[in-house]
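Residues or ranges marked as domain 'PA' by TrEMBL: 90-172. TrEMBL lists 1-31 with the feature signal peptide. Among the features that TrEMBL reports, transmembrane segment is placed at 195-214, 255-273, 279-302, 323-341, 347-367, 374-397, 434-453, 465-488, 494-512.
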Amino acid sequence: MSFPPGIRRRFVVSFPLLLLVTLSFAVVATADGASQDDGPELPACNNPFKLVKVKIWVDGVEGEDLSGITASFGASLPEEANKSSKLPAVFSNPLNGCSNSSSKLTGSVALSIRGDCDFVTKAKVAQSGGASALLVINDNEELYKMVCSENDTSLNISIPVVMIPKSAGDAINKSMEEKHVEFLLYAPTRPIVDFSVIFLWAMAVGTIVTASLWQEFGTSENSDERYNELSKESPNAGTGDDDDKEILDISVKGAVVFVITASTFLVLLYLFMSAWFVWLLIVLFCIGGVQGMHTCIMTPIVRKCRNCPQKTLNLPIFGEVSIVSFVVALCCLIFAVVWAVNRRESYSWVGQDILGICLMITVLQLARLPNIKVATVLLCCAFVYDIFWVFLSPLIFHQSVMIVVARGDNSGGESIPMLLRVPRAFDPWGGYDMIGFGDILFPGLLVAFAFRYDKACKKHLANGYFLWLIIGYGFGLLFTYLGLYLMNGQGQPALLYLVPCTLGVTVILGLVRGELKELWNYSPESSSATTNLTGEA
């Protein structure tokens, strides 16, 4: 599992990372855009939309809860389950619920499918038949907001009306075949802030800080030399030449080309998303994660144990590798395989986050911004990219391309792995809070540059740039979550907030201190063998 350093590192950055980071620009919220305000007690036509939890029993056995959304009309649902009643489920006949039902609906939850007439008519028919509530089964997985006009007689509808997705309707239909099904409907309040947001914020900030300070552990100076001595992989071991050869300097042209390429990949994923495509991404993620974890583990081992036993193995393809390197690589591979096999389990987020953090720390050691000029081009392009594919793409594709891809629609139940995610601890609907790798890597490149610049210019924390950019990134994430809250859970382009809070802070500080020209044209010392992102030497 241990490649020669140059090949190993270029593979991690240039091939899997381009696909991995492409999907990771936007922060994605799984919450529906429903308001959480308390609704009016009396029937009206302007009720706030509320997420609904539907508890289900089949022949007395409790099943998996379903989710829905209330209409802008009808009665309100209680916020607590113990304040609601368990009611039998009955399909309307006809199923569209547009005319008087031949099924007995009295005291039941009536079910009808969407279509053939408006929602108000369906509610009136169900209510006139004696139903205590109406569930409308949508014709797709989106939770459509059922509305009415102020002139409608829907103001007289006194039963709750809820829409559920098509998959939920299919599951109910299957359960009701010769079985007794009962429902309990209620609308619990979602907490404004969940602990998962704080944990995710700490992970994102901590990843950037760790990656920036990783150089102090010897990564950029001499740990490659020690790694070569330990692994015996390279004929140039001990020369220190590989360190410069393995750094990828991003150029202005490379920054523009990358964002254009990322957009192309995103559209292809949107158009051709399928289970096998997601599986390909999972494999690439595991490869990158194994390499990242291997590097993160070997770095402190090499630094602390330079004189470890030099026993080696001669492996096919990989050549001569140290036993320590081989054992670490094998453990990392097992870890990634176990995660892939159990990726749908409730605890799989831990393994995904560990692999992702290791990958990002490694990448931030290998790719670097040479100055603020390149940083401005890269982050401004990413800024426009993020906003366009989240907010403006629906004008062309009728959906937010970024959110659809990150959510994994049409992927056969598989989810995109290029995200840090933490389960919501106190949310009645569960789910995850997530942040894409790109929202950490792109600002992270600028923060890592600031650390190198401060170190080269011998600046202290207060008069340097690194500390202020960390603070700016932290506030940028807070603004992102504030945007999620104010937009009722609609996915937000995180770079909309992160770029001004990092690049903007750098430019303002540079202007105030009279150092902007130096930052703009700064050129770190590097050998003539340094390879930039466009392949130019």
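Backbone N, Cα and C atoms are what each Cβ position is placed from, and that goes for glycine too.
Keep in mind it's a predicted model, so treat the numbers as computed, not measured.
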Any chance the transmembrane segment (374-397) and the transmembrane segment (195-214) are in contact, meaning at least three CB pairs closer than 8 A with a sequence separation of 6+?
no
From the DSSP assignment alone, can you count helix, strand and coil residues within the domain 'PA' (90-172)?
21 helix, 16 strand, 46 coil
In contact by Cβ distance (the transmembrane segment (279-302), the transmembrane segment (347-367); 3 or more pairs under 8 Å):
yes
Ranking 255-273, 323-341, 494-512 by the number of C-beta pairs under 8 Å to the transmembrane segment (279-302), which range is first?
323-341
For the transmembrane segment (195-214) against the transmembrane segment (323-341), do we get 3 or more Cβ-Cβ pairs below 8 Å once near-sequence pairs (under 6 apart) are dropped?
no
Is the transmembrane segment (465-488) packed against any residues at least 6 beyond its ends, judged by a Cβ distance under 8 Å, and which are they?
27, 29, 31, 33-36, 192-193, 197, 201, 204-205, 208-209, 212, 435, 443, 446-447, 450-451, 453-454, 459, 494, 496-502, 504-506, 509
